[in-house]
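Working notes, structure below.
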Amino acid sequence: MTIALGKSSKEEQTLFDIMDDWLRRDRFVFVGWSGLLLFPCAYFALGGWFTGTTFVTSWYTHGLASSYLEGCNFLTAAVSTPANSLAHSLLLLWGPEAQGDFTRWCQLGGLWAFVALHGAFGLIGFMLRQFELARSVQLRPYNAIAFSAPIAVFVSVFLIYPLGQSGWFFAPSFGVAAIFRFILFFQGFHNWTLNPFHMMGVAGVLGAALLCAIHGATVENTLFEDGDGANTFRAFNPTQAEETYSMVTANRFWSQIFGVAFSNKRWLHFFMLFVPVTGLWMSAIGVVGLALNLRAYDFVSQEIRAAEDPEFETFYTKNILLNEGIRAWMAAQDQPHENLIFPEEVLPRGNAL
């Protein structure tokens, strides 16, 4: 009798197949390959931020108190940037600055670099998570594309801007009041509000808020019928075949209001995606420009006339004077390592004074 030897119908799984099966299986919280980047980085970024705001001072880097331990509250606590003298050092715990000393590492601002880098990779991991899940259930990847906008803003503000300046010192510290200080710094030193990329960013964010409000109200106004369930989740069957609201009625309403209206849901929802994402991307591009110290609009003719004529002043020239005031008053406070001292007679005053 002849016995034919052949391969088993079930081939032996490789290590990659085993990992892929475990990572991508259906569970309450999806892990996925993106989770290998997302979960550790998000854990370390949040853990570093909570540790820094609770225990770590900014005395050695900014001359400030910045932790709950020192008396700050949620609005004033922060994980502060390293000192300007450390330039763009990665501030690794085992690096030449801290030499493995955790306390010294925290004093030097190592937690800021730790939180910033892990935060950036955590956000990228979250975007990849959306892309991976979309691929798994055969959706288009527009969620991931949309999330690229806040990633672009984070990377441009926290990483690219300080890379263009003299050090991480000029990045925002991770805290509420610290972000407010950074905004004032951006205005005083870069005239950020007059930057066209900032204008596009504001238009995108506020325009998106307006679109969301209009869209939500319109859908509520044109529901075919209210459900009789106790709440929204029980009122309607998620697998219903019919539409929930009348697009035709909504189109007629806004056609009468504005004279124009979206004719189909695809264009409507793409526009709601396009406005905020484009706005945030433009804002990120503008911050990259600031990293290179590119200037905003300059209306020099108005500045010259205001300097020659004490009675001539515009909102622009007043803002320029305010920016000078921010720089003069803020630099000495914000950069104590420079030992800046401005006599009162050189501090800016308006034409009226």
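Keep in mind that glycine also has a Cβ here, set from the backbone N, Cα and C atoms.
Residues or ranges marked as chlorophyll a ChlzD2 binding site in Swiss-Prot (evidence: sequence analysis): H118. As annotated by Swiss-Prot, pheophytin a binding site applies to Q130, N143, with the evidence given as sequence analysis. Feature annotation from Swiss-Prot assigns chlorophyll a PD2 binding site to H198; the stated evidence is sequence analysis. Marked as plastoquinone binding site by Swiss-Prot on the basis of sequence analysis: H215, F262. Feature annotation from Swiss-Prot assigns Fe cation binding site to H215, H269; the stated evidence is sequence analysis. According to Swiss-Prot, the N-acetylthreonine annotation covers T2, on the basis of similarity to another entry. Per Swiss-Prot, phosphothreonine is recorded for T2. The transmembrane segment annotation in Swiss-Prot covers 41-61, 125-141, 153-166, 208-228, 279-295.
Feature annotations (Swiss-Prot) mapped to structure.
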{"residue": "H118", "record": "chlorophyll a ChlzD2 binding site", "Cβ neighbours (10 Å)": "21"}
{"residue": "Q130", "record": "pheophytin a binding site", "Cβ neighbours (10 Å)": "19"}
{"residue": "N143", "record": "pheophytin a binding site", "Cβ neighbours (10 Å)": "15"}
{"residue": "H198", "record": "chlorophyll a PD2 binding site", "Cβ neighbours (10 Å)": "22"}
{"residue": "H215", "record": "plastoquinone binding site", "Cβ neighbours (10 Å)": "16"}
{"residue": "F262", "record": "plastoquinone binding site", "Cβ neighbours (10 Å)": "19"}
{"residue": "H269", "record": "Fe cation binding site", "Cβ neighbours (10 Å)": "14"}
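Ranked by number of Cβ pairs under 8 Å to the transmembrane segment (279-295), the listed stretches 41-61, 153-166, 208-228 are led by 153-166. Within the chain carrying the transmembrane segment (208-228), a Cβ under 8 angstroms from the stretch's Cβ atoms is held by residues 234-236, 242-247, 249-250, 253-254, 268, 271-272, 275-276, 279, all 6 or more beyond its ends. Under the DSSP three-state reduction, F262 (plastoquinone binding site) is assigned to coil, being neither helix nor strand. On the backbone, the CA of H198 (chlorophyll a PD2 binding site) and the CA of N143 (pheophytin a binding site) stand 24 Å apart.
If you measure from the Cα atom of Q130 (pheophytin a binding site) to that of H118 (chlorophyll a ChlzD2 binding site), you get 18 Å.
Counting only the Cα atoms, the space from H269 (Fe cation binding site) to H118 (chlorophyll a ChlzD2 binding site) is about 33 angstrom.
Nearest to N143 (pheophytin a binding site) in space, judged by Cα atoms and limited to the binding-site residues H118, H215, F262, is H215.
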